[in-house]
Structures are given as C-alpha cells and as structure tokens.
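Novice: Taken from TrEMBL, the feature signal peptide covers 1-18. Per TrEMBL, domain 'Neurotransmitter-gated ion-channel ligand-binding' is recorded for 43-238. The feature transmembrane segment is assigned by TrEMBL to 239-262, 274-295, 301-321, 427-446. What TrEMBL lists as domain 'Neurotransmitter-gated ion-channel transmembrane' is 246-364.
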Amino acid sequence: MNTLWLLCSLALMGGVSTTEDCSYHRLQEHLGLSQKNESTTGLRPVVHWTNSTLVMVDMILFGIMDLNEKSSTFTSYVFISTAWVNYFIAWEPKEFCGISKMTVPRERVWIPDIGIQEDISDTSSTILSPYVQVHHNWLAQVIDQRRLTTSCKMDLYRFPLDTQSCSITFKSMIHRASEIKLRAFASTTAVNHITRESMTTLDEWDFLGIAMTEEELNYGGDEKWHQLIYKITLRRRPLLYIINLVVPIAFFLVLDLASFFISEAKGEKLGFKVTILLSISVLLLILNDILPSTANNLPVIAIYCIVIFALTGLSLLETMLMSFLIDMDSRVDQDVQTSAKTCKETQEETECRREPERDAESSLEKVDTFNKKDLDGDWLNNPHLLQLILKEVQNVRQEWFSVNVRCGQKKPGYWEKVARRIDQAYFCLYLITTISFLIFISFMWLH
C-alpha cells in the first residue's frame, strides 16, 4: 500500500512514468554511451573518413593575472568552450520524454585534441570538466577553466606608455586541416561584451579588446593545419611607473642643473653631484629588473635614463675640472708670494722680458771695455780676462732663465677666471642640450 502511494505521488510530480522509461540511462544505452567503448572514444566521429569535423572554440577572458616583461609571459584566467559535431550522437527528443541534452563522462566520447600553441602552463593550473554535454542534434560540448600561462612577444619600446598584444592560438596537434575545421561559435562583439562584463581582475592593465582570426598553417608540402587565433590587446596603466621612475630621474636632472649655482669654495658641489649620480644608478638598477635584456629595440625609457646619467656624469667631470683649476690658482698665489720679486706686479710682461736684455748689454759693455784695454796685448793669453768673460756670460744666462720663469707665471686669480668662463659656457651648453633632449624624448614617447 505504501509503495503504491509513493509511485502515485511520483507520477503526479512528473518524476517517473508508469508507462515508459524516461531515464538518462535508457538514452545512454540507446547511444552506446553507458560504458567506455573504443569505437566511440578512439575514432573521429564521421560517416566517411574524408569528411572533416567542425570544431567550434570559444574563449572568455575572466581575469588578467600577470604580464611579465622579464620572462615575456602572459598569465590569464579563461573559460574555454569546445563544441564539435559527432554524427553518432543523435536522437529524437520526443522518443525519450523530451530529453534534448544530457551529460556523460568525458572518457566515454571522442574529444578533439585541441591545444594552445603558446601554452607553457603546468598541468596543475588546468581544471578539466569531468563531463561532456551532448545534444540531440549531433553536437557535443565541453567547458574547461584554466589558469593559462602563455608566451607573449612584447614590444617595450614605449614603456610604460605601451600597448601589448598577446595571441592565444588553438589548433589540433595531430589532425590536419582536411580533418578538423576550427571556427568561433560566438561573434567577436559577443566575446568582447561577455569578457568586459565578467572581468574580475586587471592588475595594471586596461582591456582593449579581443580579435579572432582563422588561418591555415603550412609547414611544407601539401599538409596544412587549421588554427584559430585569439588576439588580446591590453594597455598599461603608466601612472605608477611615471611616479616611481620618470619623475624622480627628471627631478635629479633639475637638481644637477641647480647645482651650478653652488659655490666651489666650500667643496660641497662635488659631493652633491656624486650623490645625484648614485641616486640615478639606483633607479637604473630598478629599471633593469623590469625590462628584459634581450629586447630588439632599446626602450625609450632606457634611452631617457642613460642620456640623463651621461649628462650627470659629464657635469661631475666638469666640476672636478673646476676644482682643479681653482686649486692650481691658489698654488700659483703661494708661489708668487714666496718667490723673489724680480718683476714688480705692476710691470707689464714686456718690461720684465727687457730686464735680461739690459743686463746682457751691461755685461757686453764690460767685456768690450776689457777688450779695448787689452786690444794691443795678447788678451787671449790673459786667464783673468777669460774667466771674467765666462762668468759674465753665465750670469746673463741664469738671469734670463730665472726672469723668464718668474715673469711667465700667471697672476693670482687667472686660473679662477678661466674656470668661471668654462663653467658658464658649459652651463649654457648643458641647459640647451637638456631642453632639446627632453623635447625629443617626449616626441618619441608620445608618437
């Protein structure tokens, strides 16, 4: 009695039918999917072997986990829907109580070997659905979710104002284009709309869109492989890099320009410039950890940092030259104060050079006087006269040399004036070069 009451209750609720079997088990037995069968799992489901199998692949991007410039990898979280035509899975829904679709274990049906060409993920990052959904109109579908890591060729020339495009290529690993045709089931507009609505994380990127293209790849000969390419375009959010890299280096450049107004006397200018140079070196090390060392084109930010580093280094060398000239001027001042005053400081250099000439004339007059006295005698045999002549000639030579050395020294303050002129000329050249370079680098970055 209780059993009859239970059957009647289930019949009223639509759970069972007292006249026919409407279970999924009956449909599985009808399709031969109640157990694993090599004929349904190992062979491509076509009526004739020359027929191609249509495989439709849709990919929805749910999150951007990372885009690593150093390793050139793109990590994303995606849902991949793969649907294909299986000519051996079909039934009339009205014959099976209106059942139009059902799920079966994936090991009981044939699944196309669609892989991703750029995939470098490990197996633990893939969550495969244990079931395949089959429809009454020959269609089978499986949906997998993956934390996908793919290789991505990046163009970092305009970093951090760059836009990157990463491709995800679906293709069969074994079957040729004559055996499997790849298509996208959803349109590009629908895929982009769903992706924007369901995006959970973007990291430092803005999603611009997904483009889909179909290609046939030929490795040589008559064999071709059909592939479906999803091209994801992303734009970097540059604010963080501008604040942490671009602005500090520009600020250091401004400080280096301002250091020209620091006096050389206290010796603080040289230490200040060395500090600026070391600070730029630290930022260059940070940039080196971000950018890859195998880039084909040198990024604009690398040119920006290297040129500013070089300008700062040249400015440091110029400061060292100024310090050397000023020190040399102080040494000249000390030498002038301690040396004998052969030439007065108020005399012109030409007057100083005439002094040895006058001494030479006086010595020659003395020699001439001796010559006149001993002209009638044998003056060549007079040793006293010869000794006097040699002594006078030696004195003239020594006085000529010493006066030339003393009068050839620069006056105190000469090298300091030279240093000031060099510093002013270098500052003007440095300022013009800096402004021209900043205009040029801005044009390269923005265009």
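Glycine residues also receive a Cβ, built from the backbone N, Cα and C atoms like all the rest.
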Novice: Which bits of the chain, at least 6 residues beyond where the transmembrane segment (427-446) starts or stops, bring a Cβ under 8 A of a Cβ in it?
Specialist: 158, 161, 250, 253, 257, 260, 300, 303-304, 307, 311, 314-315
Novice: By a Cβ-Cβ criterion of under 8 Å, what residues six or more beyond either terminus of the transmembrane segment (274-295) are in contact with it?
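Specialist: For the transmembrane segment (274-295), the sequence-distant neighbours (Cβ-Cβ under 8 Å, at least 6 residues beyond its ends) are 69-72, 154, 156, 159, 244-245, 248-249, 252, 255-256, 259, 301-302, 305, 308-309, 312-313, 316.
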Novice: Looking only at the domain 'Neurotransmitter-gated ion-channel ligand-binding' (43-238), what is the model's average confidence as pLDDT?
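Specialist: On average, pLDDT over the domain 'Neurotransmitter-gated ion-channel ligand-binding' (43-238) sits at 88.
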